[in-house]
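For reference, the structure is listed below as structure tokens.
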């Protein structure tokens with residue numbers, strides 16, 4: 001295994017849309033969503049909307065059907081598979097919910113590539129058959145304690161990243177973090193000098209970073225679309241792999257990285273997920 005943990009946000013990072021909005025809009029509940037939005041936290045609102053959709057006769061299968069149509073760039077899929085093949089530990093850290101993420105990953109055959117999914121829990125109510133969405137951090141019991149002022153009440157991604165970094169599987173490894181939203185700013189501030197932050201250019205986390213880049217210790221490598229994400233991510237993974245072996249940079253096209261890994265200067269077989 002490579003000494004690299006790649007942490008992906010999900011909405012607008014792995015998939016190209018916000019999965020919550022995608023479901024609400026796809027099942028015709030946008031007006032009700034926007035009416036309720038000013039009245040409650042987003043996580044609570046999504047649980048409420050699942051109840052509203054259920055009351056309108058929309059089944060869990062209807063929700064899943066909409067999720068399966070969410071756009072996912074083939075270059076993002078290729079990047080995930082290549083990083084896994086190169087021995088990276090892939091994880092998801094998202095303010096979506098487990099049912100939405102699992103449904104989309106399963107549809108694209110990507111579930112087994114991730115060692116951990118950190119997100120808001122969800123479950124089907126046995127009595128009613130509706131989907132319930134709960135907060136990752138139970139803010140009704142007390143605040144999560146992050147003082148940054150940006151993290152939503154149900155999840156501080158910075159605290160979750162700290163736990164990931166301290167876990168047995170990730171201790172001492174370098175982190176590459178990819179995200180787009182305001183909630184991804186807190187973890188970007190907790191990355192170290194040997195880590196990498198990949199914010200999506202033109203999105204809220206990029207704008208926050210640009211306000212004062214000196215606040216980050218990690219190198220910042222922005223990306224705009226699936227193709228640039230794949231190129232940038234694989235370039236960084238390749239760089240770390242070479243640095244681990246004290247080898248000079250390869251004089252080769254980056255496109256070759258998904259096909260080969262390097263060990264002692266020679267190609268080696270990649271891990272393939274069946």
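Along the chain as shown, the residues are counted starting at 1.
Yeah, the Cβs are placed from backbone N, Cα and C, and that goes for glycine too.
Taking the Cβ of residue 9 (active site, nucleophile) as reference, residues of its chain lying under 8 Å away and at least six apart in sequence are, in sequence order, 92, 93, 94, 178, 179, 180, 181, 184. Sequence annotations record features per position, and here TrEMBL assigns active site, nucleophile to 9.
Taking all protein chains in view, 22 other C-beta atoms sit within 10 angstroms of the C-beta of residue 11 (active site, proton donor). As annotated by TrEMBL, active site, proton donor applies to 11.
Under the heading Mg(2+) binding site, TrEMBL lists 9, 11, 180.
Counting every protein chain shown, the Cβ of residue 20 (substrate binding site) has 20 other Cβ atoms within 10 Å. Per TrEMBL, the feature substrate binding site maps to 20, 95.
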Cα-Cα distance linking residue 11 (active site, proton donor) and residue 95 (substrate binding site), given in Å to the nearest integer: 8
Inter-residue C-alpha distance, residue 11 (active site, proton donor) and residue 20 (substrate binding site) (nearest angstrom): 9
Residues within 8 Å of the 9, 11, 180 Cβ centre (excluding the Mg(2+) site residues themselves): 10, 12, 13, 14, 18, 94, 179, 181, 184, 200, 203
